[in-house]
Amino acid sequence: MKKKSYYVLTLGTLPFAQANSITGAGASFPYPIYAKWASLYEKETGNKVNYQSIGSGGGQQQIIAKTVDFGASDDPMKSELLQQHQLVQFPAVIGGIVPVVNLPEIKPGKLKLSGKLLAEIFLGKIKKWNDPDLVALNPTLPLPNKNIIVIHRSDGSGTTFGFTNYLSKISNDWKNQVGEGKSVKWLTGQGGKGNEGVASYVRQMKYSIGYVEYAYAKQNQLAWISLQNQAGQFVQPSNESFMAAASHAKWHEKAGMGVILTNETGEKSWPITAASFILLNKYSDNPETTKNVLAFFDWAFSRGQDAATELDYVPIPADVVSTIKSQWKTELKQ
């Protein structure tokens, strides 16, 4: 057997001697910030990062197959899978999954929903926008006598994992009939590929409802809902409400820091907050490429945080970043 030696990263390995290119693929949830980071990084260093938004399932498959330099997933891999496939996992950014609607005359944040009502809509039990339960919660809104058009993801998706994980915590009917996962058997609705596809469908189709990462909602000028959290408060998606949820995370208790941030406590917490994770092969066939990937994320953690905040993502806390960098030194090998 070939002897394995530790791949040691120090800050001294990070300066950029010459231009290089790395490739990544996976979650569409963080695509807006990864694209922004890649643009800023290339301007500053000359190094290129090519990231393809193909969904978390595809990102996991491609890093396992070693067809990309890094994978990205919003559905954190469990300890046994990380060990089985000899992968290293760490969080890169935090954001929010938001239900969005296309209802004429109803502006962002005005429609109130509880988690239970949201589940019943996606189960197909609530079929009309003027359903009595929706009207009771929104007595002043002009809810139309129109069928609700449900839009969900058609691909393996970490955004779907976060959304269905939340609904499984809120609704026993959802947990028993649909459950959670990157791909589930939907009981109603039609599918769009990627956050991009869901956002496009909701934008085009009146009386529809879907779920996307918050940056996609803003970029597509979609109306998000006000969602009731565990504390009983109706909150809107924002950098602050995502940060409130993330403040309760116990990063160091999970393998690969794979925390789930849905339905967190706190009066200001957004109920469907999620971290997005990077996956690297522990044993690299090309140590120089691994070094280049780490250089990019080292740059993102130290110089890309303002860009993350501008796009309404939450940067990874400094103490967690310190742990991540220690993890790079001890777990990545060649």
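The backbone N, Cα and C atoms fix where each Cβ goes, glycine too.
Annotation source Swiss-Prot lists phosphate binding site at Ala27, Ser28, Phe29, Ser56, Asp74, Ser157, Gly158, Thr159. Per Swiss-Prot, the feature signal peptide maps to 1-19.
Other than the site residues Ala27, Ser28, Phe29, Ser56, Asp74, Ser157, Gly158, Thr159, same-chain residues with C-beta atoms no more than 8 angstroms from the centre of those residues' C-beta atoms, the phosphate site, are Gly26, Pro30, Gly55, Ala72, Ser73, Asp75, Thr160, Phe161, Gly162, Lys182, Asn195, Glu213, Ser276. Across the annotated binding residues for phosphate (Ala27, Ser28, Phe29, Ser56, Asp74, Ser157, Gly158, Thr159), the two most widely spaced Cα atoms sit 9 Å apart. Sequence-distant contacts (6 or more apart, same chain, Cβ under 8 Å) of Gly158 (phosphate binding site) comprise Gly26, Ala27, Phe29, Gly55, Ser56, Ser73, Asp74, Asp75, Lys182, Ala274, Ser276. The sparsest Cβ neighbourhood within 10 Å, among the listed binding-site residues (Phe29, Ser56), is found at Ser56.
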